Every structure is written in C-alpha cells, then in structure tokens.
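Colleague: Take a look at this one; I'll ask things after.
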C-alpha cells in the first residue's frame, strides 16, 4: 500500500520597515503548489501609507475567492481579497489591481486549496511607501483645530491664545490666572459670543478690597452652555466659589440660577470647564463690589447714633447704653463706646456689653447703719437708719436710696449725698421732776441734763449743742484757750470723771462783741457774754450725753415772764462753795427790771452801774433758788413752744447776778443764733495740723 503524503507549505515573512518591496506567490512564475498558506507583513516607516499594486494575477477563480486567494489586511480590516485572472486596463501601465492604504502596516496572505484543475501561476505585486495626508485621509479629524501635513507625518496647531494639550492633538485656551480687582467689571467666556474652546478649564478670580463682597448679575440670554445629559450632569459647566459658598454648576441655554448672586466674600473664583464635544457661545456677566454689611445689633440695652436701616463696611457708630447700664473696660465704666463695621462683617469692640450699672456698696455713715441690699445693680434699693433714740436723720425723707443710672446711690431729697445722723437735741432720757424750791436746787441725774458740760478750770459749766461744739459764757473761757471739759457724769469727783467723756478743745471762739478787760478791773458789762468751743473729736451720744437745741430766731423764742426754765450745774449752794454732784432747779423768767432792782452782796457795789441790755434774760425769784458761782456758762433750758412733746432749747446761758439765791442774768441766746450757726458752718471741718 502506497501512502501518498501531502504537505502544505506555510511560511511567515517579516522584514524591517522599507520604502518599497516585491511580493511573489510561491514558485512564481511557475504553477503555485496546492495547500499553501503564506503571509507577508509589510511595514513602511511611520508617517507613510502603502501603495500596493499587482502586475500579474492568475489564481483559481471561485465564488468569494473561497478556494484560492490573495487577501490584503490592515489592522484587522480586510482591504481586499483577489482571485481569477486580471489584465491591465491601461496599455501604458502594467498594473492590474492597486490599493492605497493610509497606514504604515499591512498583511498579504496567500492561500491555495488541495487541487487545481488548471495550471495557475499566482501573482506578482509591488509596494512602495507613499506620503499620506493625515489631515484628510481619516474620517475623524486628527486635530481639534489646525492640521498640518508634511512628508511622512503631520502636526496639530492652535489659534492665537490657545495652547496644545499634551496629547498633541487637542487645543485648549489659556484662560486661567486672570484676576479682576476693579470694583465693577464684566467677565465672559473665551471667544464670547463665538463658541468657547473644548477640553478647557478656565479659572478666573475676582479679588476686591477687604470689606466689600462680590455681587454677580447675569442675564438669562447671556448664557448658552452645552446642556446637561440625561442623568443631569453638565458636560460643560460654570461654577462660582466664594469661600464656603458654592453657586452652580450651571449649564444649558439660558442661565438657570438666580440672576443676582450675592456672595459674602471679597474673593470669588469662577471655574468654567468644557469637554471635547459640543461648544456653544458661552456666557458673560457683570459684577460689582457691595460693602459688607454688619448686623444692626451690637449689644443689647443700647441705642445707636446715627440711626440707619443698614450698616456697612467702614460705618462708625456711637453706642450709648440706656439709663442704668454702662460699658465696663477693665475697672473703668463708661456710658458709651464707638464701634466700626469691619471688613469681615463684624463690629469692632463687639465683646463690649452694656451691663447694669453697679453702684457698689452703699457708703457707711456715722451714728447709723445701712441695710445690705439684695443687689447693688441699677434699680436696687437700700435704707439707712440712725442709732435711735440718740440720733435721727438730719433731713426728713432721707432714709431710702436707689441705685441710679449714673452709678450712684440717690435719695429724692439729698441726691447723691449720704444721709447724716445728727444727735437728737433737747430730749433728756429721764425728765427732771424735782419740785424743790430751795436755794441750791436739788440733786439731779446727768440723764436729766445730758447737755451739761463740766469745766474743771475755771469751775464752770457749758451746754453741748453739737457733737463738735460746746456753748458757754465768754467770761468762762476768756484767757483760757484750752479748757478741760467733761460730759456724761453726774459727779465731778476725779475718780468718777474717769468714766466720763473728756472733751479736748481745738479752738475757742468768743463773741466779737464781748469787751475784753484787764483782770484787775471789776467787770460791770456782761453784754455779749457768749462763746463757742470747737472740739477736736466728736462726742458720742447716749442716755447720759445729748445736745440741747438752739432756739429759733422768731419772737416765740423770747421766753415770756413766768415761763419756767431749767438750770443745772455744780455751782455754789447755800451750804458750801461748790458741789460735786449735779444739782438742778426750775426758775421762772422775770422782768429785766427785777434784776436791776436787786442789791449786791457787797454794799459798795452799785448795781445800777452795771450794763443791762436786750441781750440778757432775767430769771429767778427771791425764794432762794438761783444759779450761782460755778454754774456760769450753763444752759437756761426752756421747753420749745413749737414742739408737742417736751423738747428743750437753750434760751440763756448763766452769765452773772448780783446775789446768789435771787434773780440772775442769762445771756439771751436767741440774739446770737446767726453768729453761732455761721461760726459752726465756717469751722465745721476739724483743722489739720
């Protein structure tokens, strides 16, 4: 058995890129063998196409060249498939079939089946590299704008103000980096209203002075950007970014956003992005700088000057706190402050607050107390009171104070002055009830005469009329500028005086009308026998120490005849020179003539030679009750005719008398009230050494 072995020849040929070449079927020009498949990979230098042409073609003919064929492939695409016999169509050219391939590579494949009824000689073909116009040879333009062909290739270029992307094919516009700093202006897309560039990103910035916000105004008809796709995404878009604020992205025919965009920033970024597809006319808008507003309310409980509906950058206002409120900076309070609307839309001094005025703790007072108020802020109330019953308010209605808007405690009567507690005058803690009418009077308690002052040298008396002042007779302190005085003791025994209040004189004021005589001359003129002693320290009042009232200046304080007055002291009695325990007595007022008619102890002294004036009061009787030596300067106390309750005023001061136990002369204090008050007022403050 003979086995016939058939073989097929399969060949693959590759060569370096060349500018031309020849391709021949197997055994050409002889009969090609059966069952052959051979391919040729043709490659010319990049940038060239291939011109392939056949000068001979003799291949078994079949439908669709399904038996034997020569096939031309380019990039997986069949450029042609040939079979049969071909002859040249032009006698001047040997070419029977040709192909112009715009690529630098192609493949030629020859196939034959297992038998041929005739002798076919195959094909002869040639190729040559030829320049192609890439700018027109392809359905898709290789360049987005300008295509430039050259031998073996091409390059893309762009219009002015455009640049070529890294792919060397697409153009973009260099539209980033533009910064607009004017207060008004217009911004538009590249080429507006001509189509904007594709595949671009434009970044613009509006940068205004701090304190001004960017406001954009757009007309709908000035906006035409490729519309959104079916999913709502914008292929081309315009976006505004101002800090944390984002407006957009916007796209479509006609601006879809608000026609006025008010940002809250002085800087606005405009981002315009396009893809590589559809381009439209783009957009334009205007902008301006609007001063950044500040909120109207800086702080509560205040009012502003000037009053405006709107406050903007650089506006300055004066903020004044309403009554009862103040601004506290450190430890200093002020009723107002200034604030400026700043570039960030906030007020300067915004941390300052109008807070209730704090009047602080009420001022303490002497001889009184003040309630601890629940609060010391504006509108709070506090009350003062005096140490009753020995002190009372100097002014009626001065007890209640309220914290006022100016930070002071204010009283309706006294204003900002604190109240003053003054000693209650003319009211003994124990009334003097003795009815004894004998020379020397009766023993008394100091509580009966709490105004009684004891002068130890000379032995005399005085009347306390104020915490700093003692009233006495001029002849008591004449030549004695620093008298030693005591109050608050019934007994003037040295051991008892240690429990009394010792008074230190600061200054002595003798009435200017008092006649100063040589001590060797017998005094017959006691007119103006009155003096004041200013104390260095205030006297503390109590049940044993209290002042007597001064008289008024009206005629009611001229005591009529037979009105009883009280006298007290440690003067001489009918049994001894001086007493050590306080004695008191009641004396009636008598006509001055009674004192003129009296005869003195010394028959050699003519009483009629003594001076009698209207500045004197005569009091006493012939029953042995009278003031005497050692009582000088003491008060002749009479009940105040204008008071319902017993209250005594100093009607007179013990001055002189012709004889103890009868009538005596008293200085009429009413006539000196003006001098007393003037002196006390002028020297009210203690002197400072």
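Yeah, the Cβs are placed from backbone N, Cα and C, and that goes for glycine too.
Straight out of Swiss-Prot:
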BINDING   60, 68, 113  Ca(2+) 1 binding site
DISULFID  65-83  disulfide bond
DISULFID  135-147  disulfide bond
DISULFID  143-156  disulfide bond
MOD_RES   149  (3R)-3-hydroxyasparagine
DISULFID  158-171  disulfide bond
DISULFID  175-202  disulfide bond
DISULFID  234-251  disulfide bond
DISULFID  294-341  disulfide bond
DISULFID  321-354  disulfide bond
DISULFID  359-403  disulfide bond
DISULFID  386-421  disulfide bond
ACT_SITE  475  active site, charge relay system
ACT_SITE  529  active site, charge relay system
DISULFID  595-618  disulfide bond
DISULFID  628-660  disulfide bond
ACT_SITE  632  active site, charge relay system
Colleague: Counting other CB atoms within 10 A of each CB, which of the disulfide-bonded residues 65, 156, 359, 386, 618 comes out lowest?
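Modeller: If we count Cβ atoms within 10 Å for the disulfide-bonded residues 65, 156, 359, 386, 618, the smallest count is at 65.
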Colleague: By a simple count, how many Cβ atoms lie within 10 Å of the Cβ of residue 421 (disulfide bond), its own Cβ left out?
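Modeller: Taking every protein chain into account, the count is 23.
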Colleague: For the Ca(2+) 1 site given as 60, 68, 113, which other residues of the same chain have their Cβ within 8 Å of the site's Cβ centre?
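Modeller: Here the non-site neighbours turn out to be 34, 59, 62, 67, 69, 83, 111, 112, 116, 120.
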Colleague: Tell me, by DSSP, whether residue 660 (disulfide bond) is helix, strand or coil?
Modeller: coil
Colleague: Checking your reading of the structure: which of the binding-site residues 60, 68, 113 lie inside a 10 Å Cα sphere centred on residue 83 (disulfide bond)?
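Modeller: So far as Cα distances go, the binding-site residues lying within 10 Å of residue 83 (disulfide bond) are 60, 68.
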Colleague: In whole Å, how far is residue 147 (disulfide bond) from residue 156 (disulfide bond) when you measure between their Cα atoms?
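Modeller: The Cα atom of residue 156 (disulfide bond) is 5 Å away from the Cα atom of residue 147 (disulfide bond).
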Colleague: Using C-alpha atoms only, work out the spacing between residue 386 (disulfide bond) and residue 113 (Ca(2+) 1 binding site) and round it to an integer in Å.
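Modeller: If we compare the Cα positions of residue 386 (disulfide bond) and residue 113 (Ca(2+) 1 binding site), the gap is 142 Å.
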Colleague: Between residue 65 (disulfide bond) and residue 113 (Ca(2+) 1 binding site), what C-alpha distance do you get in Å?
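Modeller: Distance between the two Cα atoms comes out at 11 Å.
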Colleague: Test of understanding: give the count of other CB atoms lying within 10 angstroms of the CB of residue 660 (disulfide bond).
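Modeller: If we count other Cβ atoms within 10 Å of residue 660 (disulfide bond), we arrive at 21.
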Colleague: Residue 113 (Ca(2+) 1 binding site) has how many other Cβ neighbours within 10 Å of its own Cβ?
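Modeller: There are 14 of them.
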Colleague: Going by Cα-Cα distance, which of the recorded positions (60, 113, 147, 294, 403) sits nearest to residue 158 (disulfide bond)?
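Modeller: Of all the candidates listed, 147 is nearest in space.
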Colleague: For residue 403 (disulfide bond) and residue 321 (disulfide bond), what Cα-Cα distance in Å is obtained after rounding to a whole number?
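Modeller: One finds 16 Å between the Cα atoms of these residues.
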Colleague: Going by C-alpha positions, which of the recorded positions (68, 147, 359, 618) is nearest residue 529 (active site, charge relay system)?
Modeller: 618
Colleague: Near residue 341 (disulfide bond), how many other Cβ atoms are within 10 Å of its Cβ?
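Modeller: Excluding its own Cβ, the number within 10 Å is 23.
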Colleague: Rank aside, I only need the closest one: which of the disulfide-bonded residues 202, 234, 294, 354 has its C-alpha nearest to that of residue 68 (Ca(2+) 1 binding site)?
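Modeller: The smallest Cα gap between residue 68 (Ca(2+) 1 binding site) and any of the disulfide-bonded residues is with 234.
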